[in-house]
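Q: Dropping the structure in here first, questions after.
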Amino acid sequence: MKGVQFLVAFVLLALASKLVSASDPSPLQDFCVAINDTKDGVFVNGKFCKDPKLATAEDFFLPGLNIPGNTSNQVGSMVTPANVQQIPGLNTLGISLVRIDYAPYGGLNPPHTHPRATEILVVVEGTLSVGFVTSNTDNRLFTKVLYPGDVFVFPEGMVHFQFNIGSTNAVAFAALSSQNPGVITIANAVFGSDPAINPDVLAKAFQLDQNIVKQLQSRFWWDNN
């Protein structure tokens, strides 16, 4: 009986270890500054690493997140990223940051998802209506109105949004649990893909007239290209 119990415990431990290893591995060095030049580099977690002896403070630095983003666009928002593309020293560290500016009276960060990161957002100015929707089949909406100092979490992979319901500019900062979280804006991906998705597919999926689908595709394809 003890042998069976030991075997069960061993199998559970092995399964737990496999689940843990399915996520991004912990860095095995102090840092891995990303470089584009492959010479004398080692490919680690998406980027080649600079020789640590050649790293400088600039590899871990980014100025300018105090500067408001330009919200003069169709959705009235601007996301300013601080990820591994802007800060090479973030490579393998599993974290990044964005500043989000929203225009008054309806500035929107449209429904989107981050395939590789959970997001935690803090409002520093203005009033935002935010929310996320859970996966099928519940599709449950979690939503909240946020004021300066309020914090909200968007779980990894969940479709989420932020909407400025105030009469003034709004500003938020968000941290994400990946150095390169990725973003898929739902409307752009569905109606603005290149090449375009067959209108018959979208007409049936969204229960829309095919002419409406084609109109949406022409609009979003133009915006994306």
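Sequential numbering from 1, following the chain as shown.
Here the Cβ of each residue, glycine as well, is placed from N, Cα and C on the backbone.
The structure displayed is predicted, hence computed values, not measured ones.
For reference, TrEMBL lists these features for the protein:
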type	residues	note
SIGNAL	1-22	signal peptide
DISULFID	CYS32-CYS49	disulfide bond
DOMAIN	63-214	domain 'Cupin type-1'
BINDING	ASN109, HIS114, GLU119	oxalate binding site
BINDING	HIS112, HIS114, GLU119, HIS160	Mn(2+) binding site
Q: Who sits close to HIS160 (Mn(2+) binding site): which same-chain residues at least 6 apart have their Cβ under 8 Å from its Cβ?
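A: Set apart from HIS160 (Mn(2+) binding site) by at least 6 residues yet with Cβ under 8 Å, we have PRO111, HIS112, THR113, GLU119, VAL130, GLY131, PHE132, VAL133, PHE154.
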Q: For the oxalate site (ASN109, HIS114, GLU119), what does the 8 A shell look like? I mean other same-chain residues with CB within 8 A of the CB centroid.
A: VAL98, HIS112, THR113, ALA117, LEU121, PHE154, HIS160, ALA174, LEU176, PRO181, VAL183
Q: For ASN109 (oxalate binding site), write down the residues of its own chain that are at least 6 apart in sequence and whose Cβ falls under 8 Å from its Cβ; none is a fine answer.
A: VAL75, SER77, VAL79, ILE100, TYR102, PHE161, GLN162, PHE163
Q: Measuring Cα to Cα, how many Å separate HIS114 (oxalate binding site) from CYS32 (disulfide bond)?
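A: Spelling it out, the Cα of HIS114 (oxalate binding site) and the Cα of CYS32 (disulfide bond) are 23 Å apart.
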